[in-house]
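S.K.: Dumping what TrEMBL says about this protein:
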TRANSMEM  37-54  transmembrane segment
TRANSMEM  75-96  transmembrane segment
TRANSMEM  131-148  transmembrane segment
TRANSMEM  168-189  transmembrane segment
TRANSMEM  205-223  transmembrane segment
TRANSMEM  243-263  transmembrane segment
TRANSMEM  275-297  transmembrane segment
TRANSMEM  309-326  transmembrane segment
């Protein structure tokens, strides 16, 4: 239990502050750049740098292998994961230019259980109980309530977004959906990897980010443009009274650091508790981030949107409880 007092602050402090700083970056973005790609690249780079230490073996490796220890899972097995993770990450941060707000982003991504079930049923030979299907229906209805326009309020989404066109909002939803599908396939593949080779989360965390860095060459021009937008931010903050840096650049640094703390905390939690505990903790964390976004950044959430959010989170919790009960029954039968 004492270890949880060390892990939980990383999950709530790291993840909640990460989302808060992200929204602060978006709210103060005065350029015509979305900044999503530079955020994604910076996070990949940061996790790779900090994750490198846990994967080195100077005595038994060589400089041309970057002194990396022999991976428990063959590198070629990571190729599929790396490609899917890259596209999923880029898409999820690309949506900021398409009329998607942080609250909606949180709610929509929390409904990923539905996509995971469909992919698992069609391609993973998975079968689900009535309780799990019911949870899926609840999540779907909740997502629709939070997504579909509220005709009583000038046809604007139930979660107030920017003044972009509805076409942009639809594009954003499409990108989020594609990202959810790719993430589900990635999760299914990783699950098979861990069954075959064992759960090596530190190795997986490092290689999924490190091997993905070369792929950013395809969006190098976008990264350059967005970096210049961050660097040329007129708003500055003073550090130690000796020099100043652009506020957006400082926020970007804080964002990538808190992202690493968040990921590390979640993986540590997963390694020391049950899957149900992890799910519940993350659901609570998302609820906290949602309300911080609504209260601090004045994002309006209508009654329909609120009910939809509760349905999504409640359905996800119900699904986790149902899955956990099913696992216990299987253990007793065996």
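Keep in mind that glycine also has a Cβ here, set from the backbone N, Cα and C atoms.
Mind mapping these onto the model and telling me what they sit next to?
M.R.: Residues 22, 25, 66, 68, 89-90, 93-94, 202, 205-206, 209-210, 212-213, 216, 219, 222-223, 226-227, 230, 252, 255-257, 259-260, 263 of the same chain lie 6+ residues outside the transmembrane segment (37-54) yet bring a C-beta within less than 8 angstroms of a C-beta in it.
Using a Cβ-Cβ cut-off under 8 Å and counting only residues 6 or more beyond its ends in the same chain, the transmembrane segment (168-189) has close neighbours at 80-81, 84-85, 87-88, 91-92, 94-95, 97-100, 105, 108-109, 111-112, 115-116, 118-120, 123-124, 147, 157, 161.
Counting residues 6+ beyond its ends, the transmembrane segment (243-263) has Cβ neighbours under 8 Å at 10-11, 13-15, 17-18, 21-22, 24-25, 28-29, 35, 38-39, 42-43, 45-47, 50, 205, 229-237 in the same chain.
Non-local neighbours of the transmembrane segment (309-326) in the same chain are 103, 107, 110-111, 113, 129, 131-132, 134-139, 141-143, 145-146, 274-276, 279-280, 283, 286-287, 290, 301; each lies 6+ residues outside the stretch with a CB under 8 Å from one of its CB atoms.
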S.K.: Give the nonlocal contacts of the transmembrane segment (75-96) in its own chain as ranges (CB under 8 Å, at least six residues past its ends).
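M.R.: For the transmembrane segment (75-96), the list is 26, 34-37, 39-40, 43-44, 105, 109, 172, 175-176, 178-179, 182-183, 185-186, 189-190, 193, 197, 204, 207-209, 211-212, 215, 219.
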